[in-house]
Amino acid sequence: MHLYTYLYLLVPLVTFHLILGTGTLDDGGALTERRSADATALKAEPVLLQKSAARSTDDNGKDRLTQMKRILKQRGNKARGEEELQENQELIREKSNGKR
């Protein structure tokens, strides 16, 4: 029973000691120093992008976002322009007339 009392007191003390990082590793380095060095080595470097480099461009080197804004403005912020709608309606009429 006396042994269990010592273990009961020793286990939380050792655990607390390791959590705080005051324990040492086999090579003599402190636990927290080793972990912080590893974390620093693995930390990703921030990537700074210029505004133009962050946007995708088409084959001609033009900015796709700017082109889409321009196209939507011309269409009146509709998904399809008037010409495309008329062409689609004509195709639907032709197909429906062909089935009869």
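Each residue, glycine too, has its Cβ placed from N, Cα and C.
Here is what Swiss-Prot records for this protein:
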type: SIGNAL; residues: 1-21; note: signal peptide
type: REGION; residues: 52-100; note: region 'Disordered'
type: COMPBIAS; residues: 56-66; note: compositional bias 'Basic and acidic residues'
type: MOD_RES; residues: E83; note: 4-carboxyglutamate
type: BINDING; residues: E83, E87, E90, E94; note: divalent metal cation binding site
type: MOD_RES; residues: E84; note: 4-carboxyglutamate
type: SITE; residues: L85; note: site 'Important for selectivity'
type: MOD_RES; residues: E87; note: 4-carboxyglutamate
type: MOD_RES; residues: E90; note: 4-carboxyglutamate
type: COMPBIAS; residues: 90-100; note: compositional bias 'Basic and acidic residues'
type: MOD_RES; residues: E94; note: 4-carboxyglutamate
type: MOD_RES; residues: N97; note: asparagine amide
The compositional bias 'Basic and acidic residues' (90-100): DSSP-derived helix, strand, coil residue counts: 10 helix, 0 strand, 1 coil
Cβ neighbour count within 10 Å of E94 (divalent metal cation binding site): 10
Count of other CB atoms lying within 10 Å of the CB belonging to N97 (asparagine amide): 8
Other CB atoms within 10 A, centred on E83 (4-carboxyglutamate): 9
Distance [Cα-Cα, Å, rounded] between L85 (site 'Important for selectivity') and E94 (divalent metal cation binding site): 14
Between E94 (divalent metal cation binding site) and E84 (4-carboxyglutamate): CA-CA distance (Å): 15
